[in-house]
Amino acid sequence: MAQERTYIMVKPDGVERGLVGEIIKRFENRGFKLLALKALQPSRDLLEKHYADLSSKPFFPKLVDYMLSGPVVGMVWAGKEVVKTGRVMLGATNPLASAPGTIRGDYAIDVGKNICHGSDAVESAEKEIALWFPEGVLNYERSLDKLIYE
Ligand code: DAT
Ligand code: MG
């Protein structure tokens with residue numbers, strides 16, 4: 001089976017608020033497969049690369065400062081349409097526009113404190129995985145998949 005992958009990251013506010021387990025649990029419960037997980041204090045350089053597409057936005061300096069304010073937890077999840085589905089599970093960028101039941105819709109209010117990141121396309125996911133996990137990530141078969149996929 002082709003393994004689509006996405007990069008999901010709990011932002012500093014999500015880590016400090018103790019939401020790491022909750023976010024992991026939602027991806028686990030859904031049936032996605034964890035390929036990598038780490039807590040780290042990202043550097044300004046790493047964050048500027050991660051958000052390079054937004055560098056001309058007026059909120060960019062504030063965004064980078066927010067992301068520098070504490071540790072983050074980065075993870076790689078795999079599964080069928082995990083990029084798109086991961087974004088649905090996260091909710092809209094602006095938490096006030098996020099449906100209840102989504103992570104942002106259940107736990108956040110302001111766009112500048114929206115708890116989590118999820119890749120927006122398969123191509124950007126692969127770029128982000130290479131950026132955040134230069135050491136590489138796991139690739140393994142899971143017997144559980146026969147209970148999740150038809
Ligand atoms: P997303 O995180 O949903 O992929 P994005 O990639 O457009 O959204 O933006 C990255 C982050 O930048 C987002 O999670 C929060 C911040 N951001 C986006 N739009 C913003 C805005 N209009 N004002 C303040 N922060 C914003
Ligand atoms: Mg984005």
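Every residue gets a Cβ built from N, Cα and C, even glycine.
Among the features that TrEMBL reports, domain 'Nucleoside diphosphate kinase-like' is placed at 3-140. Here TrEMBL flags Lys11, Phe59, Arg87, Thr93, Arg104, Asn114 as ATP binding site. Taken from TrEMBL, the feature active site, pros-phosphohistidine intermediate applies to His117.
Locations of recorded TrEMBL features on the structure.
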{"residue": "Lys11", "record": "ATP binding site", "CB count, 10 Å": "23"}
{"residue": "Phe59", "record": "ATP binding site", "CB count, 10 Å": "11"}
{"residue": "Arg87", "record": "ATP binding site", "CB count, 10 Å": "18"}
{"residue": "Thr93", "record": "ATP binding site", "CB count, 10 Å": "12"}
{"residue": "Arg104", "record": "ATP binding site", "CB count, 10 Å": "24"}
{"residue": "Asn114", "record": "ATP binding site", "CB count, 10 Å": "24"}
{"residue": "His117", "record": "active site, pros-phosphohistidine intermediate", "CB count, 10 Å": "20"}
Fill in the blank from the handout: Largest C-alpha distance in Å for the ATP site residues Lys11, Phe59, Arg87, Thr93, Arg104, Asn114, as a whole number, is 21
Exercise for the section: Just give the helix, strand and coil counts over the domain 'Nucleoside diphosphate kinase-like' (3-140), going by DSSP. Expected result: 66 helix, 26 strand, 46 coil
Handout entry: Filtered binding-site residues, from Phe59, Arg104, Asn114, whose Cβ is under 6 Å from an atom of ligand 1
Key = Phe59, Asn114
Completion exercise
Rounded to a whole number of Å, the separation of the Cα atoms of Phe59 (ATP binding site) and His117 (active site, pros-phosphohistidine intermediate) comes to 16
Handout entry: Euclidean distance between Cα atoms of Thr93 (ATP binding site) and the residue listed as 'active site, pros-phosphohistidine intermediate', Å
Key = 9
Completion exercise
On average, residues of the domain 'Nucleoside diphosphate kinase-like' (3-140) score a pLDDT of 98
